[in-house]
Amino acid sequence: MTGIPKPMTLAQPAEDEFLAYDREHLWHPYTSMTDPTPVRLVTGAHGARLALADGREVVDGMSSWWAAVHGYRHPALDRAVTDQLGQMAHVMFGGLTHVPAVELGRRLVEITPDPLDKVFLADSGSVAVEVALKMVLQHQRGTGRPERTRMLTVLGGYHGDTFDCMSVTDPVAGMHAIWRGLLPEQVFAPRPPSYDATPPDLQAWAGAFRALAAAHAHELAGIVVEPLLQGAGGMRPYLEACLHVFREVADEHDLVLVFDEIATGFGRTGHLFVSEVVTPDILCIGKALTGGYLTLAAVLTTDEVARGISASESGVLMHGPTYMGNPLACAVASASIDLLREGDWKADVARINRALTAGLEPLRATPGVADVRTLGAVGVVQLDHAVDVVAATEAALAAGAWLRPFRDLVYAMPPYVISDDELDRLVAGIRGAVRAG
Ligand SMILES: *Cc1c(COP(=O)(O)O)cnc(C)c1O
């Protein structure tokens with residue numbers, strides 16, 4: 001790699017000191033402060049590689065949680081941030097606007113399905129889902145149905161970590177039991193049938209979903225789901241036909257249909273957005289929106305929903321984060337969208353799918369493996385037991401790959417720029433993790 005400065009390496013004592021301080025003082029996602037699992041010190045990243053402080057370079061199988069689709073230190077994305085920095089890092093969005101926000105809004109309206117042409121910029125995925133739920137409630141109030149306050153969703157979903165997001169997340173994985181009385185009580189339908197399910201499975205599920213919607217129609221405001229692929233709730237692709245059931249049921253009972261594409265958006269499943277197959281009334285996007293550079297999310301909706309919100313008692317959408325429309329984040333998001341539009345992400349996603357399918361399918365015969373599934377640039381190996389995360393992570397690193405298994409799942413969704421050689425290493429890492437985990 002020419003032109004890329006060598007990542008910093010740290011002398012062992014310095015590395016140990018940073019790790020010790022981190023362990024004592026910094027919370028990591030879903031970890032204990034008193035008994036934390038080990039973390040690795042990263043000193044740099046480029047392309048599909050992470051550079052560790054000990055000098056090792058490993059292939060990134062996680063895209064920093066679905067986000068870094070173009071890889072790290074992409075020249076066009078680096079430039080978008082530094083150019084914007086020369087203008088201004090941030091200004092408030094109340095009463096002011098700026099070119100990066102307008103340019104991003106224009107792109108989002110252009111690349112999403114037609115009726116979705118009103119844009120709310122939020123600062124994280126969870127906030128986007130909160131805003132979407134607020135839009136649903138305000139729309140129902142504005143159209144004379146204030147008694148409709150509950151959401152219909154499916155088991156196995158994940159929609160973020162704030163309280164209303166947790167309320168529509170799977171009740172077991174989301175541990176509703178520990179929050180009983182504090183979470184709004186939503187209506188949960190069975191998990192949609194797996195992508196390899198049979199027509200009778202689909203009929204049975206659709207019947208149950210329709211019946212539940214009909215029974216609760218008087219109190220339901222909307223439907224919220226991750227379309228086509230349930231992510232953090234279990235990495236499960238499901239039948240595309242279910243999307244049509246969601247749309248039909250929403251229309252039949254005047255429910256606002258929300259698709260949470262925070263994980264699936266920007267090509268990951270092979271569709272730029274699953275919303276191209278069936279179009280929702282509200283679309284949430286995040287994660288890969290900025291190519292993994294800065295935290296930003298967006299909620300898009302239709303003119304009809306926007307009018308409903310404006311007809312509610314406040315007359316306005318009651319939300320406005322301090323860092324709304326952050327110019328640095330908007331600028332890099334537009335640059336990331338331009339890379340997708342100019343490049344051939346579809347070919348890359350198909351190439352990654354072939355490599356993951358060929359590499360992981362043989363693992364079905366491995367003892368301890370319950371299922372193997374791939375969709376777009378996502379590959380999943382489900383074990384028949386909880387993964388030993390520490391051992392699995394170590395084994396993947398030994399094979400040259402960074403993975404972050406959870407529950408019974410070893411999975412990967414690499415940057416689209418990953419090379420064929422790097423894909424081989426990633427597959428080796430997954431195999432190692434499965435054997436060790
Ligand atoms: C990650 C995720 C969220 C939450 O996004 P954050 O940016 O972590 O708040 C919501 N919904 C889905 C489907 C996600 O994958």
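In case you wondered, yes, glycine gets a Cβ from its N, Cα and C as well.
In TrEMBL, annotation is done automatically, which means it is predicted and not curated.
Marked as substrate binding site by TrEMBL: Trp65, Tyr158, Lys287, Gly320, Arg404. In the three-state DSSP assignment, the secondary structure recorded for Arg404 (substrate binding site) is coil. The Cβ of Arg404 (substrate binding site) has 18 other Cβ atoms within 10 Å, all protein chains considered.
Feature annotation from TrEMBL assigns pyridoxal 5'-phosphate binding site to Gly125, Ser126, Asp260, Pro321, Thr322. According to DSSP, Asp260 (pyridoxal 5'-phosphate binding site) is assigned to a strand segment. In sequence order, Val129, Ala132, Gly157, His159, Val224, Val225, Glu226, Pro227, Cys284 are the residues of the chain that are 6 or more apart from Asp260 (pyridoxal 5'-phosphate binding site) and have a CB within less than 8 Å of its CB.
Summarising the annotation, TrEMBL assigns N6-(pyridoxal phosphate)lysine to Lys287. Sequence-distant neighbours of Lys287 (substrate binding site) (same chain, 6+ residues apart, CB-CB distance under 8 A): Trp65, Trp66, Ala67, Gly125, Ile262, Ala263, Gly265, Phe266, Ala297.
Considering only the binding-site residues Ser126, Pro321, Thr322, the residue whose Cα is spatially closest to the Cα of Tyr158 (substrate binding site) is Ser126. With respect to ligand 1, the binding-site residues Gly125, Ser126, Asp260, Pro321, Thr322 contribute Gly125, Ser126, Asp260 as residues with a C-beta closer than 6 angstroms to one of its atoms, given in sequence order.
Among the listed binding-site residues, namely Ser126, Thr322, the Cβ with the most fellow Cβ atoms inside 10 Å is that of Ser126. Between the binding-site residues Gly320, Pro321, Pro321 has the most other Cβ atoms inside 10 Å of its own Cβ, all protein chains included. Cβ-based neighbour count (10 Å, all protein chains) for Gly125 (pyridoxal 5'-phosphate binding site) stands at 29.
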